[in-house]
Amino acid sequence: MANLRTKVFSRSPWSCWAIATTLLVIATWARLSDAERAECDVSVQLVSIQIWRGEDDSSRPSSKIMGIASCYGSKVEKQPNASKLPLVAIEPFNACNESNQQLGGHIVLAMRGGCNFAEKTLNAQRAGAQALVIVDNTGGKLFPMNGKNGSDSDLGITIASVLISKKDGMSLKSSLDGGGAVAVKMFESKPALVDPAEIILWSIAVTTVVLASMWSAARDRKAYHGYGKIKEENPQQEGNKGQVFEINMTSAVMFIVMASVMLLVLFYFMSKSFYIFLVVLLCFGGFEGLQLCFHGILQSWLPDKSQLGFEVPWIGWVPLFWLMTAPLSAGIAVVWAVYRQSSLAWVGQDILGISLMLSVLQTIRLPNIKVSTLLLSLAFFYDIFWVVVVM
């Protein structure tokens, strides 16, 4: 019996793209709507901060960072009205006490912690600051800062304040501590209707599913017409067929349970050793996935050579295509593992991940719509619970 994805996607792959496009529109709407669900009575205001370091007085900034404006005080100006002002670190740096500095005409940098956000902003305002930039001290996700009680809008604050990440803030602090001049320009940043990163992720995910579905359909068609049948006199080809795991009702439930357990293990027991274990696991899984992909490509190009192989000591019979592509697959996995901290490491990680998923989609079969409905429904509530409720 043909599996579900063969029936739906192989005959009409564009239906998969249509469904994914609908999901992308819904996700985009949810992301934009989320900007209205601030922790205060006003919408979240994203802020772009252009930075000039040293004596550079050119119109082009040396770098740019992002922040989120507070719920209280004035709004950050739009770009045409924004002014370039010098940045200075307030003393004390947590801004929990009034400063003796004269900060007129300056944007002030302060550290989170020690007192609430509104008190920091009031102390910077009393010193004459034009605006306040608060550095997060947790390294977590940025959020709109509240007033004293989370809903108190009558705080007497007239300047704007912005929360930036710990990494960006400490970089600015290091420049100031080194005696260098730093100037910044803050202005409102409107979120794009569609994030380019979302388009890339959507394209990668949908393309992976479509390719796996069409690949599986092609293999089933060959088997149906007799081209892919395993001959009794050729055990080598039989060993190359691979095994198919058919999901039933119990395994669908256990899949979600094991995924939940894995999340708990990652949350409570994450360590450097466990991280290395996950890296090694991805390398092995990606290697197997790449081998499957390369073998399928070579088999379609050279069908007459697909039955060739060699007896390898302690391993047994190994297909020729596997031996030809093993160095390349291993090389990709090793290169990614060594340079996984570089800025372009995501390319290798995506290659390994896509190959692994193609391998999984070639192995797992959904026998009927009943099992498919159960698995997708459980995955839907799994995502809502762990991502939305818990996180």
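The chain as shown is numbered from 1 upward.
Here the Cβ of each residue, glycine as well, is placed from N, Cα and C on the backbone.
Annotation source TrEMBL lists signal peptide at 1-35.
Helix, strand and coil residue tallies for the domain 'PA' (85-172), in that order: 17 helix, 20 strand, 51 coil [DSSP]. Taken from TrEMBL, the feature domain 'PA' covers 85-172.
Annotation comment: TrEMBL describes 199-218 (among others) as transmembrane segment.
Among the features that TrEMBL reports, transmembrane segment is placed at 247-269 (among others).
Counting same-chain residues at least six beyond the ends of the transmembrane segment (275-302), those with a Cβ under 8 angstroms from any Cβ of the stretch are 215, 319, 321-322, 324-326, 328-330, 332-334, 336-337, 340, 349, 351-360, 362. As annotated by TrEMBL, transmembrane segment applies to 275-302 (among others).
According to TrEMBL, the transmembrane segment annotation covers 314-339 (among others).
Annotation comment: TrEMBL describes 345-364 (among others) as transmembrane segment.
If you look up TrEMBL, you'll see 371-389 (among others) marked as transmembrane segment.
Within the chain, the transmembrane segment (314-339) has long-range Cβ neighbours (under 8 A, six or more residues past its boundaries) at 236, 239-240, 279-280, 283-284, 286-287, 290-291, 294-295, 298-299, 305-306, 308, 345, 348-349, 351-352. Below 8 angstroms of C-beta separation, residues 5, 204, 208-209, 211-213, 215-216, 242-247, 282-283, 285-290, 292-293, 332-333, 335-336, 339 of the same chain, each at least six residues beyond the ends of the transmembrane segment (345-364), sit close to that stretch. Counting only same-chain residues 6+ beyond the ends of the transmembrane segment (247-269), those with a CB under 8 A from a CB of the stretch are 364-367, 370-371, 374-375, 378-379, 382, 386.
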